[in-house]
Amino acid sequence: MKLDLTVLEQARLLVVGDVMLDRYWHGGTSRISPEAPVPVVKVGESEDRPGGAANVALNIAALGAHAALAGVVGEDENADLLAARLEACDVSTYFYRSPEIPTITKLRVMSRNQQLLRLDFEESLWEIDTQGLTERVEAALPEADVVILSDYGKGSLNRVETLIATARGAGKRVLVDPKGHDFAKYRGASIITPNLGEFEAVVGPCPDDATLAEKGERLRAELELEALLVTRSEKGMTLIREGHAPLHLPTHAREVYDVTGAGDTVIGVLGLALAAGHGYPEAIMLANLAAGLVVAKPGTATLSIAELYTALHGDKLAEFGPIEESALIDAVRAAKLRGERVVMTNGCFDILHAGHVAYLEQAKRLGDRLVVAVNDDASVGRLKGPKRPINALERRMQVLAGLSAVDWVVPFGEETPARLIAEVLPDVLVKGGDYRPEDIAGGEAVMAAGGEVRVLNFEDGVSTTAMIDTILDREG
């Protein structure tokens, strides 16, 4: 089962739901109040983070995809703050600003990374007219592949049946993070993701996996869902689909620091993976992995694509030096996800000399990692004649790998490295000599992918052929 993270940035998601502002006051405490038996916190720092449905959208944007957010907020300063924070993180906002309610705000008082108190500033949204939100959802739908409904039970989704019908009618897959004891209102969605407590509140106790699967399938069929995902804390997750055996995944959490926002991460990554073309099993595996990472962070937190990739492939990352093509492709992909700029060049490098070293050092300065593709022995013979190479491929690769400028060395046997370069897709393709960029093998593929092609000068008076001729003249 292969999970390709590089396609995630192509996904477009619309999140609709209860938008909140999570505010944190951090401070130290060393005494008890003389007024009441409570600690006194000397506040030294204040922090604001998007919460609720806004945290779902933020998780999606942090992984490089396009996220839009629709929700109900007040006509107040906190709504302005939320919009600014989200748009700074590339989340498009479709807020319905109601004069009837304040923006939902949760204030947490923290000391030594422990929550001492939470204060909620909110009014019920159940009685207000949210037609304005429906109109904003309809405006945002054409630009979305998947719709996520993030229900915190605050009332923003008091027209949830209409929203599901509208999105499904537009051909969009709909994911729901549910709330409450009435799941019937989510009928017709693609998948819902209750936690075990929410699930058992609706279907009754599930003492074992078999009971959970049986009751889950019954609920899935009743609600006409494609799938049902039950998140089970330390027991992981269970996916139930029509015509398939239940899929039980163990938790990936090594350390649980704070479960705040974990459900947001699960449904955000799940929707992202589905929008990018993955199936339910692959998407659930990725969401489960992401949940295990985010609970190790304090407060409402997001993940980067690099963190997710490292967790997924950390034990498979390639060592530097000589490498096979498939391993190189994975290594370059990992480097890019870490934000590193990859440079690639190629050649025979039969007898390594000072000109080669200067050229490779110049190439390395154009990025963070340098890949050198080396002609194998047969292709060197075809290019240079039957008496070449002087040094066999293994020795040439070993010498190149010993240079501080070179990160990976990979062989190729074709007449040109065009196919290999198109597979690797470096950020910068480099060639020495008097070539035009458009004439360099592989350059077209690199430029089409948004990379660049650079031509560097060789050091005058130094070449492998000249060195060989000099040696032969002296021996003669």
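Just so you know, glycine gets a Cβ as well, placed from its N, Cα and C.
These features come from Swiss-Prot:
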- Asp264: active site (ACT_SITE)
- Asn195, Leu196, Gly197, Glu198: ATP binding site (BINDING)
- 1-318: region 'Ribokinase' (REGION)
- 344-476: region 'Cytidylyltransferase' (REGION)
Key: Between the residue listed as 'active site' and Glu198 (ATP binding site): CA-CA distance (Å)   = 15
Key: Sorted by sequence, non-Asn195, Leu196, Gly197, Glu198 residues with Cβ within 8 Å of centre, ATP   = Pro194, Phe199, Glu200, Ala201, Val230, Thr231, Arg232
Pairwise Cα distance for Leu196 (ATP binding site)/Asp264 (active site) [Å, integer] = 15
Remark   = Rounded Cα distance, in Å, between the residue listed as 'active site' and Asn195 (ATP binding site) is 12
Note = Lowest 10 Å Cβ neighbour count of the recorded positions Glu198, Asp264 is held by Glu198
Same chain, 6+ residues apart, C-beta under 8 Å of the C-beta of Asn195 (ATP binding site), given in sequence order = Val230, Thr231, Arg232, Ser233, Gly263
Query = Just counting, how many other CB atoms are there within 10 A of the CB of Gly197 (ATP binding site)?
reply = 10
